[in-house]
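Just below is one structure, and these are the notes that go with it.
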Amino acid sequence: MNKIIIRKTEDLKEWRRNLKCDINFIPTMGNLHDGHQKLISTAQSSNCNTNLLSIFVNPLQFDSKEDLKSYPKTVDKDIEIAFSNGADAIFIPNVTDIYPKKNKSISYLKASKELSSALCGLTRVGHFDGVCTVVYRLLKLIQPKNLFLGEKDWQQLLIIKNLIEEKKFNIKIIPVPTQRDSDGVPFSSRNKHLSKSERKSLKLFSNELENAKIIFKKDKRIDLKQLTNKLKSKNISIEYLEHLHPYSLKKVQSNDNISILAGAIKCGKTRLIDHVFLMKRKPIIAIDGPAGSGKSTITKLIAKELNLLYLDTGAMYRAISWLFKKEKIDYAKESELKKILNNISIIFKSNSISQQDVFINNFCVTEEIRSQEISSIVSKISSIKKVREFLVYEQRKIGQSGGLVAEGRDIGTTVFPNAELKIFLTASIDERAKRRKSELDLRGTEEIDFNQLRELIRKRDFEDSTRKISPLKKANDAIELLTDGYSINEVVEKIVNIYNLNIPKEIQLE
C-alpha cells in the first residue's frame, strides 16, 4: 500500500470509499514521541487493517489561546515518525475542516459529568467536552474498526470509552500502556517545555508514585496525606493527588482490589499528569454457567491467552465424587465425611496434551472424572454442605494472590464475589446436549442417546439451580453470554476483549 497524506475531509471520504479493509485509527495532536510510536507499532502488529494516524491540534481542548499557541507543532517530523513506525495514511486537517463555520449541524458534545468532574476536570472546565466533540467528529468521518488510545491519559480514555458506548459506535478500543523514559517520566508532548530543574521535579513526582505503589503492594493501604506532604517538602507544586476507583473515578472503597493513584503537578508554566495503578492482588475472572455451556474449554483457552492460572473448580467436585465412589463413602454419615475430607489432597499439574491433569490423593483422574457415571452423581455430592465448605476454602486459598480464571457454578456468587470480571456462560439445552454428545463420541468411551442427554442436562440444571447451598445463578454484576451459534474462538475473543476493557494493560503486564 502506498503511503498517503490526506488534508481535506472530502479526500478522506474518497480514500475511505476505495479501501478494501478496516481501519485502525490513532488520533494525535502531533509532536509525536515514543508513546505515540508505541501506539502506531501496536496497531501495525495487531492485524492486517490499514493504519490511519491523525494530526490535529484541537482548539477546544486548550484552557487559553496562549496555551494553544505554545503547543509544539512539528508536522514534518511527525510525518516521518508516523510512516517509519507503521502508519499507512496520515490525516492532517485544519480547523475549518473539522469545524466548518457554515455547518450549523455540528454537535458540540458534553463529556460524562460523572467522569469529567474529577481529576483534570476539577480545573480544566470544558476540556473534556472539547475532547468528546473532536473525537466524535473524527470517528464519524473515519469510521474505524479499532481505536488505539494510550493509558497515559487514563481519564480521557474512560471518557472516550463512555462516548463510544453512548453513541453506540461499533468500535473496539485497544488500550496501550503508558510509555516511560529511562528516568521513569511518562512521555508527553509537553515535556519539551521543561527546564532541567523542572524535569527533575517531574522525575521526583513519578518516582514517588512508583514508590507508593511498592508500599501499597506490601501494606495494602496508602497514606495520601503523608505522600502529599512528602511531595510538598520537595517543592513539588501539586494541582491534585487522588486515590480513586479506576473506572468510576470515585473515592476508593475498602473492598476495591484495583485502584488508581493519579496526580497533576505544575512545573513552571507546564502542567503534567501521571498515575500508577494499585493492586491488593492480581485480577480474577469468574466464569459460571450450567453444564455443557463450554466453560471448561473456554476457560482453559482464556487462561492461556491472558497468561492466568486455570482453576477448574468443577474438576475438584468431580474428583471428590470419583473418590467417594471408589472408596464407597457413605456421605450421609457426617463422621465418615469429615474424616475423608480432612485427608483429601487435590492438585493440578500441567501437561502437553490436555494442558492440565487433576490428581486426588496422588491418583490422576483427568479422564475418569469426565465419565457419564461421575456426571450423574456430581450434582448431588456438590450440594453437600461439608463438601462445598471444604472446596470453597481450598479454592479461595488458591486465589489469595489472584492471577487466575476460575470456572464453576458459584464462582462469582460465592467463591470469588469480588472478582474483577464475572461472566455467566450459557447455551440452550439442545446446544449443550449436542456438544456433550460430540465430546463423548470423540472419547469413544460410552454410548448415550441424544434425547437421554437432553433429559440428563435438564435434570442437572434443576438440581444445580434449586439446591439450598450456593445454587447456580448469575451474579448481579456478571455479563451473560449466550453461546449458541458462536465458535469457541469467537467466545474466547469476546471475553478477552471484555477483560482488556476492564483491566488496565499496565496491570496485565505486571
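Using the three backbone atoms N, Cα and C, a Cβ is placed for every residue, glycine included.
Feature annotation from Swiss-Prot assigns active site, proton donor to HIS36; the stated evidence is sequence analysis. Its Cβ placed at the centre, HIS36 (active site, proton donor) has 27 other Cβ atoms within 10 Å.
Positions annotated as ATP binding site by Swiss-Prot, on the basis of sequence analysis: 29-36, 150-153, 187-190. Classification of HIS36 (active site, proton donor) by DSSP places it within a helix.
The feature beta-alanine binding site is assigned by Swiss-Prot to GLN61, with sequence analysis given as support. With a cut-off of 8 Å between CB atoms and residues at least 6 apart in sequence, the same chain places MET29, HIS127, GLY130, VAL131, VAL134 near GLN61 (beta-alanine binding site), listed in sequence order.
For GLN156 ((R)-pantoate binding site), the count of additional Cβ atoms within 10 Å of its Cβ stands at 24 [all protein chains shown]. In the three-state DSSP reading, GLN156 ((R)-pantoate binding site) counts as helix. Here Swiss-Prot flags GLN61, GLN156 as (R)-pantoate binding site, drawing on sequence analysis.
Residues or ranges marked as region 'Pantoate--beta-alanine ligase' in Swiss-Prot (evidence: sequence analysis): 1-276. Mean pLDDT for the region 'Pantoate--beta-alanine ligase' (1-276) in the predicted structure: 95.
Taken from Swiss-Prot, the feature region 'Cytidylate kinase' covers 277-510, and the record attributes it to sequence analysis.
Between the alpha carbons (Cα) of GLN156 ((R)-pantoate binding site) and GLY150 (ATP binding site) lies a span of roughly 9 Å. The binding-site residues in question are ASN31, SER189, and the one with the fewest Cβ neighbours inside 10 Å is SER189. For the recorded site, PHE187 (ATP binding site), the DSSP three-state label reads coil. Most other Cβ atoms within 10 A: among the binding-site residues MET29, GLY150, LYS152, that distinction falls to GLY150. GLY35 (ATP binding site) has a Cβ environment of 22 other Cβ atoms inside 10 Å. Relative to HIS36 (active site, proton donor), the binding-site residues with Cα atoms inside 10 Å are GLY150, PHE187, the candidates having been GLY150, LYS152, PHE187.
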